[in-house]
Amino acid sequence: MAEAIPRSYSSIEKDEVINETPGTNIDPEAEKKLLRKCDLRVLPPLFVIFLLAFLDRTNIGNAKIQGLTRDLHMEGPNSVRYNIALFIFFVPYVLFEVPSNLILKKLAPSTWLSLIMVLWAYVLAKMDGLANYGGWRWIFIIEGAATVVVGLLTKFWLVDWPETASFLNDAERSLLLARLSSDTGDASMDRLDKRAAKRIVRDPKMYLGSLAYFGVVTCSNSGSFFIPTIIHELGYKASDAQVRTIPIYIVAFVVALALAWLTDRLQHRYWFCMTGVVIATVGYIMLLAQNNLSIGVKYFALFLIIPGQFVTQPIVLVWLSNLMSGHYKRSVSSAVQVSFGNLGGIIASNIFIGPEAPKYPTGYGTCLGMLGICAVACTSLFWLVKSENKKRERGERDWRLQEPDADNLGDDHPAFRLTT
């Protein structure tokens with residue numbers, strides 16, 4: 001994680017004590033207890049919300065081979081209709097990501113997230129038809145119903161802000177706020193004025209991070225939408241194809257979690273991003289050369305593609321967030337990254353073309369190229385960050401402290417060090 005000198009947020013691993021008041025100490029055990037308490041209270045609802053959001057976005061890939069395309073006349077000459085349906089989903093996603101984050105800043109997160117979850121789940125549930133429900137309809141009904149329930153609970157389950165967290169006592173709240181303050185040090189951006197807006201839109205880190213995410217999320221979306229179909233077209237019946245997606249995602253879960261822990265432990269992002277890109281690239285090359293490969297080898301290639309992509313995708317998101325300091329800059333840059341990245345969903349929706357089944361040269365070739373874009377963007381960001389840190393070490397950015405907005409510089413503050 002990015003850090004402000006001289007105090008590092010990663011000091012948790014060294015049992016250092018962080019306090020707003022110089023010269024005073026806090027019991028390290030109390031600090032550890034607080035962090036465990038926050039983890040147990042904050043992470044579970046966020047995990048469940050993201051899980052349901054992922055399911056509701058990607059269940060159409062499973063529904064496709066359970067009869068959706070047949071019942072909705074999306075087969076044969078009309079197979080492009082499935083691609084159009086996927087494409088349409090991402091248009092509002094791209095348009096409303098930044099406004100949504102700004103609304104989240106104004107409203108309580110529990111209110112806004114619970115509202116949009118319930119509304120989205122209601123739309124899913126209304127896709128159930130009137131009679132003769134097919135298997136694909138039940139996918140939307142069941143998962144939509146689960147999201148409605150969790151969405152209603154989210155208002156009461158999700159914690160909004162440290163200042164209003166009812167599960168903390170006064171001492172714990174003071175300590176938590178001190179830790180959050182030490183995370184940025186003097187590198188804060190708590191005003192969204194004209195100068196702050198210019199700093200945000202002129203920051204190349206935001207665009208390189210967005211481009212990297214755009215590259216990898218295109219591949220991830222295409223995998224979510226088409227992996228069940230790809231396995232089905234290897235010769236397995238629909239029910240077997242659904243089951244055979246499970247081991248792929250179990251491996252992806254284990255690998256992504258292990259490398260996420262390691263990248264935080266080492267406080268480094270770039271080489272972990274590249275590791276995922278390389279692994280997925282090997283898988284796509286195998287599928288592009290599939291003429292002489294057995295079904296087992298083709299299936300194995302999916303164990304490279306999905307885990308590789310799922311390693312890189314979250315680390316790219318976290319990396320950009322680490323590089324940004326200040327509430328507004330993080331909110332806007334994260335929204336821009338996800339919004340721009342979801343343009344990749346539009347591409348992913350249209351590269352696996354029905355008439356090209358089962359080889360899908362356009363799909364695999366495009367994904368291979370998108371991984372190349374991700375790699376170039378990550379590499380450019382890595383060298384940009386290294387160069388900027390060296391300039392700050394030499395004092396070449398100290399002049400910023402004389403500017404009118406010296407108290408609102410965010411990560412442009414000379415003392416802020418950028419994560420590589």
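All positions are counted from 1 along the displayed chain.
Note that Cβ sites are derived from N, Cα and C of the backbone, with glycine treated the same way.
TrEMBL does not curate its annotations; it predicts them automatically.
These figures come from a predicted structure and were not determined experimentally.
As written in TrEMBL, here are the features:
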TRANSMEM  42-60  transmembrane segment
TRANSMEM  80-96  transmembrane segment
TRANSMEM  108-125  transmembrane segment
TRANSMEM  137-158  transmembrane segment
TRANSMEM  207-231  transmembrane segment
TRANSMEM  246-263  transmembrane segment
TRANSMEM  270-287  transmembrane segment
TRANSMEM  299-320  transmembrane segment
TRANSMEM  332-351  transmembrane segment
TRANSMEM  363-385  transmembrane segment
COMPBIAS  394-403  compositional bias 'Basic and acidic residues'
REGION    394-420  region 'Disordered'
COMPBIAS  410-420  compositional bias 'Basic and acidic residues'
Checklist entry - Cβ under 8 Å to the transmembrane segment (270-287), counting only same-chain residues 6 or more beyond its ends: which ones? => result 212, 216, 219, 259, 262-263, 293, 297-298, 300-313, 315-316, 319, 360, 364, 367-368, 371, 374-375, 378-379, 381-382, 420
Checklist entry - Of the stretches 207-231, 246-263, 299-320, which racks up the most C-beta pairs under 8 Å with the transmembrane segment (332-351)? => result 207-231
Checklist outcome for this item: The answer for the transmembrane segment (299-320), taking Cβ pairs under 8 Å and residues 6+ beyond its ends, is 205-206, 209-210, 212-213, 216-217, 219-220, 223, 227, 230-231, 234, 244, 247-249, 251-253, 255-256, 259-260, 263, 269-270, 272-273, 275-284, 286-287, 290, 293, 333-334, 337-338, 367, 374, 378, 381, 419
